[in-house]
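Annotation source TrEMBL lists active site, nucleophile at Glu248. The annotation UDP-N-acetyl-alpha-D-galactosamine binding site is assigned in TrEMBL to Phe67, Ala68, Val69, Tyr72, Asp158, Val159, Asp160. Annotated Mn(2+) binding site per TrEMBL: Asp158, Asp160, in sequence order.
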Amino acid sequence: MDKCPLLPGQTLRLGEPVDNSLDLWSRRDVQTCTYWGAPVMWDGMFSPNTYDRVHRERGSSVALTVFAVGRYLDAYLSEFLRSAEKHFMLGLPVTYYVFTDAPERVPEVQLGPDRDLEVIHMQMHQRWQDISMMRMKAIKDTIDQRVRHRHPYIFCLDVDQVFVGRFGSEALGDLVALLHAFYYHRPRVLYTYDTNPQSTAYMEAGDFYYHAAVFGGSWQSVRNLTEACYQGIVEDKRNQVEALWQDESHLNKYFWQHKPSKVLSPEYCWERTIGYRSDIHVTRLIWAEKNYNVLRNPAAV
């Protein structure tokens, strides 16, 4: 990774006013800001109390979208929601928007004060790749119909994850991306961008490799992101092309063209099988154990 190009005393060009409270030089072992002036959030850089106080005073609230379709619902949704109630944006109003093909099987979860859950029925697709790609349209439509009237911020997460530590208001920003745990230490030549010139997700180079399991921001910025990714997917389908990593490829293209105002370190979505990394002081969200042969196979019993 590169190092933060700012000198002590210089301030970030992007981010929110509270981000100027960050100590960018407290973590000299990692990159704490980007060349375009956005913070990269690591443990030890911020005061949780400062961020929580500022966002409570502002009346911030957050929408959280999660897709639990097919076998993913029974395998992951309950633990996802129960762990979110322990760690996600505590102290702020939150609405969970659960997209599923089986609303009657959504588990009952005891929610805290100012925490709500809404279930949105969606069609089951035969291929998991189509589910992955169509979520961009579903998120955009939900922002238009519901989120924009209720919440200034929105996060979009995969369901096969578990919260294990604070995932708090320090993560809020206008356009928020996540460093992929498997790629943040790798040279850029190994990033798996879509290199097919026929795809709208095509890109030869980028800044980082971002993980589509977590992204967020203001509802306006996330609406723009999901609309752009969906339109790219539609054009690819029209041309009989599918991006290498479906919506994640389109997401990386969007963040290359529209720089995120905040980048989350892999603490915010860690894979424990990677093993020990000295720069990962805490984990906040981890990948759940996966059995793709069963989860993604419609014929599996």
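Glycine too: its Cβ is placed from the backbone N, Cα and C atoms.
No curator has checked TrEMBL annotations; they are predicted automatically.
Here the features listed in TrEMBL are painted onto the structure.
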residue	record	Cβ contacts under 8 Å, 6 or more apart
Ala68	UDP-N-acetyl-alpha-D-galactosamine binding site	Tyr76, Leu77, Phe80, Val98, Phe99, Thr100, Val106, Val159
Asp158	UDP-N-acetyl-alpha-D-galactosamine binding site	Val66, Phe67, Ala212, Ala213, Val214
Asp160	UDP-N-acetyl-alpha-D-galactosamine binding site	Tyr72, Ala75, Tyr76, Phe80, Trp287, Ala288, Lys290
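Least crowded of the binding-site residues (Phe67, Tyr72), judged by neighbouring Cβ atoms within 10 Å of its own Cβ: Tyr72. Listed in sequence order, the residues Val66, Leu73, Tyr76, Leu77, Phe80 complete the 8 Å Cβ shell around the UDP-N-acetyl-alpha-D-galactosamine site centroid, once Phe67, Ala68, Val69, Tyr72, Asp158, Val159, Asp160 themselves are left out. Glu248 (active site, nucleophile) sits 18 Å from Val69 (UDP-N-acetyl-alpha-D-galactosamine binding site), taking the CA atoms of both as reference points. In the shown protein chains, 21 other C-beta atoms lie within 10 A of the C-beta of Val69 (UDP-N-acetyl-alpha-D-galactosamine binding site).
For the recorded positions Val159, Glu248, the greatest number of Cβ atoms within 10 Å around a candidate Cβ is found at Glu248.
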